[in-house]
Amino acid sequence: MLKRSFDKSKLPSRHVTEGPSRAPHRSYYYAMGMTEEEIHQPLVGVATCWNEAAPCNIALSRQAQAVKMGVKQASGTPREFTTITVTDGIAMGHEGMRSSLASREAIADTVELTMRGHCYDAIVGLAGCDKSLPGMMMAMVRLNVPSVFIYGGSILPGRLNGEDVTVQDVFEAVGKHQAGNYTDAELEVLERVACPSAGACGGQFTANTMACVSEAIGLALPNSAGAPAPYESRDQYGEASGRAVMDLIEKGIRARDIVTRKSLENAARIVACTGGSTNAGLHLPAIAHEAGIEFTLQDVCDIFRDTPYFVDLKPGGKYVAKDMYEAGGVPVVMRELRRAGLIHEDCMTVTGYSIGEELDKVTLEADGRVIYPVDTPLSTTGGVVGLEGNLAPEGAIVKIAGMSDDQLVFTGPARVFECEEDAFEAVQNRAYAEGDVFVIRNEGPAGGPGMREMLATTAALSGQGMGKKVALITDGRFSGATRGFCVGHVGPEAAHGGPIAMLKDGDMITIDALKGELSVALSEDELAARKDAWSGPRETIYASGALWKYAQLVGGARLGAVTHPGAKDEKHIYADL
């Protein structure tokens, strides 16, 4: 154990542990078995999103114990607490998905309130699913305390008929089943083997994308994102994270010393080169917002456009997170990006060293199977690109990983649906034609409310063999597991009177991922006339409660669908109170 002393006169916990007036507070600590020494050490929040909703977060409570050991080894006092999470895999395809994106804000808010209320000096945050990762990182940057993020790890792939399978295969099997190409018995076998362990979805879906971001942005220890949830090595990363946060307290390194414009650009690079989730286009601007940095969807997409895609991960490729970890993980990917001059090497990390200094320690080379050399990429542009045009003045985003150049332009008639359920019913009934452009509107952050993911619909289309024969645009979102030509985050959203609200069946829509354009063959005068005749936002059933409140506060997808003014308007920093 490393014995060292800290000056508590400038730490937030002095407000609850120091001086005669805090005797009542210390009584509570003694009631929990804390020693005098532990009371007067720095108090470190160990925050998890543990719950029994799904395998994504089920291992976090155990992993938190390793983090606490690390904090104690470095002369800190860990204080474990949990917050909520909504797991997309369970919320998918029904009204529960409206709670998903709102849960990101709830996670950030509740972590902030817990830290503020109990005057914790630093935080180690553990998260394991799509919204809990960005929510936890947002809280760290908002609080601007010494912070270390650690991912709970990915699930192991299942095996069926000698091949790896994931939950993505199950979603797509539903479409095959509806098309009569998959039996009840086959579906039952697949659903039982696809998810064999604890951990988040194994492909480069949203959770693993944001786990890679946590390393690239500098908030997580190098290579800590890769080990699957069941691996014992996760405990070693947990202990190391606990020790690391104590070093950050000692050195005075805070979250905003790490999260800068340059580190956000590094994070966007890792998303692009791994063919990551389009949801990163929502979460990176939201994390930036907490630091007072304007980093828009278009900024993210500009980086995507000139970043090669060279890591062959599902859903666009062949492999899963475990395979990338065994090939060297994020450090090897970052090393390849550095070879191409695509990394800001001077960015600080939670190790106390810069990204460049950490990459100097990496000796593994790209294996050419999972991680290709950057100079022989799978494609010369990122796996995710941004779009703008008269249908999306505030931008949109599309994932093109695994698509060939001849699939990157699509023109077809609009098939307009007012919600996802209507679109899914049309797919089930095969009430659409090859060449259609599905338009699913009223699914934006405010209009949904909640900006649902459309995986049920896109997976069903893929399962019917139509994933490459139709296209889909929405003011909602897509799961990281989505395949096909699917455009999300169309802004302004329908509820705010965006052009997507003015579309009618048969309008000719063009999606051009090569030029970065999303347009409809209507004149400005016609769009204006339709806007004048527009009856206003569709009424929702959410007239009270958390989703009503969220709809009143949430901003557009372009800036991350955030719900408060952000650091640019703050009048104090929590850690300095």
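Backbone N, Cα and C atoms are what each Cβ position is placed from, and that goes for glycine too.
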Per Swiss-Prot, which one of Cys129, Cys301, Cys347 shares the [2Fe-2S] cluster site with Cys56, Cys201?
Cys129
Of the residues Asp88, Asp169, Asp406, only one is listed by Swiss-Prot in the Mg(2+) site with Asp130, Lys131, Glu453. Which is it?
Asp88
May I have the list of same-chain residues other than Cys56, Cys129, Cys201 whose Cβ is within 8 Å of the Cβ centroid of the recorded [2Fe-2S] cluster site, in sequence order?
Ala54, Pro55, Asn57, Thr87, Asp88, Gly89, Gly128, Asp130, Ile155, Gly199, Ala200, Phe205, Ala207
Determine which residues of this chain, when Asp88, Asp130, Lys131, Glu453 are set aside, have a Cβ within 8 Å of the centroid of the Mg(2+) site's Cβ atoms, and list them as they appear in the sequence.
Val86, Thr87, Ala91, Met97, Ser100, Leu101, Cys129, Thr206, Asn279, Arg477, Ser479
Report, in whole Å, the straight Cα-to-Cα distance of Asp88 (Mg(2+) binding site) from Cys129 ([2Fe-2S] cluster binding site).
8
According to DSSP, folded down to helix, strand and coil, what is Asp88 (Mg(2+) binding site)?
helix
Given the binding-site residues Asp88, Lys131, Glu453, state which is nearest to Cys201 ([2Fe-2S] cluster binding site) when distance is taken between Cα atoms.
Asp88
Which same-chain residues, if any, lie at least 6 apart from Cys56 ([2Fe-2S] cluster binding site) yet have Cβ under 8 Å of it:
Thr85, Thr87, Gly89, Gly128, Cys129, Ser132, Gly152, Ile155, Gly199, Ala200, Cys201, Ala207
